[in-house]
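Structure first, then comments.
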Amino acid sequence: MITLSTLKKYKKEGRKFSCLTCYDAMFAKMMQNAQVDTILIGDSLGMVVQGNDSTLPVTVEDIVYHTGNVSRSNKHALILADLPFMSYVTVEDAIANTRKVMQAGAQVIKLEGGAELSEMVTTLTKAGAPICVHLGLTPQSVNVFGGYKVQGKSDDAAAKLMSDVHAVVAAGASLILLECVPASLAKAVTEAVDVPVIGIGAGADTDGQVLVMHDMLGVTHGRTARFVHDFLTDERNQKSEYAGSVEGAFALFHNSVIEGSYPQAEHQFN
């Protein structure tokens, strides 16, 4: 079974780790069979499961429901879960909603934000809830950003992100997740902190890589993000012992991350 201690050990050893989003029991079981290291019950479910155009409508009850589905069916992966939009405005809200999600089976709680989360991170960590802080492109703030855009491109923005990372790590964050930032910035962050860093659209040098399950299976509509690769139709999966199955796509993703063949330069932002 993968734990936070396992991920910290992997970081020290230079061994990459895999992460996929998941929302139900059957896919969770397949991910266990494929040895995927970590699973995120993400508020991305608002878009890929519920059909919304953003993550904002997702509720705590939604996360609790899907976390239970996953945690009952996967006993291998470390399970992360989001607190959704406006569910942790106050420390009191954060404590109450963290309790609900962890009682459903989450082992790490993910929050979106920066240094302003420091007090909350410390409080939740002291209460026994490991925290992953999500920085860079944070989908819950899409209306503030004016759309889904690469973050940390200017010197000032990069310095601000690095400062935020140091603040939340000092406050007790157990993991960092960077989304859609230049690969060079993600590399600098990963080297600057002793906690594991997960990337999505953040280059190849982070400690772990995460993708939305539907994206990496090619189950998408409209424009596909630069960092997405379709592992289901990948020739390596088609020719593998899995014979092109979904479980094979999960295994190929996991192995590609560990071996360093994903992501490639074409998947990153400069």
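Glycine residues also receive a Cβ, built from the backbone N, Cα and C atoms like all the rest.
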### Task
Name the one residue among D82, D155, D156, D164 that Swiss-Prot lists for the same Mg(2+) site as D43, E112.
D82
#### Entry: Rounded inter-Cα distance in Å - S44 (3-methyl-2-oxobutanoate binding site), E112 (Mg(2+) binding site)
13
### Task
Could you round the CA separation between D43 (3-methyl-2-oxobutanoate binding site) and E112 (Mg(2+) binding site) to a whole angstrom and send it over?
11
### Query
So of all those binding-site residues, D82, K110, E112, which one's Cα sits nearest to E179 (active site, proton acceptor)?
E112
### Query
Same-chain residues six or more away whose CB lies under 8 A from the CB of K110 (3-methyl-2-oxobutanoate binding site)?
L40, G42, L80, A81, D82, L83, I131, C132, V133, H134, L175, L177
### Message
Let me make sure I understand the span of the 3-methyl-2-oxobutanoate site: among D43, S44, D82, K110, what is the greatest distance between any two Cα atoms, in Å?
### Response
13
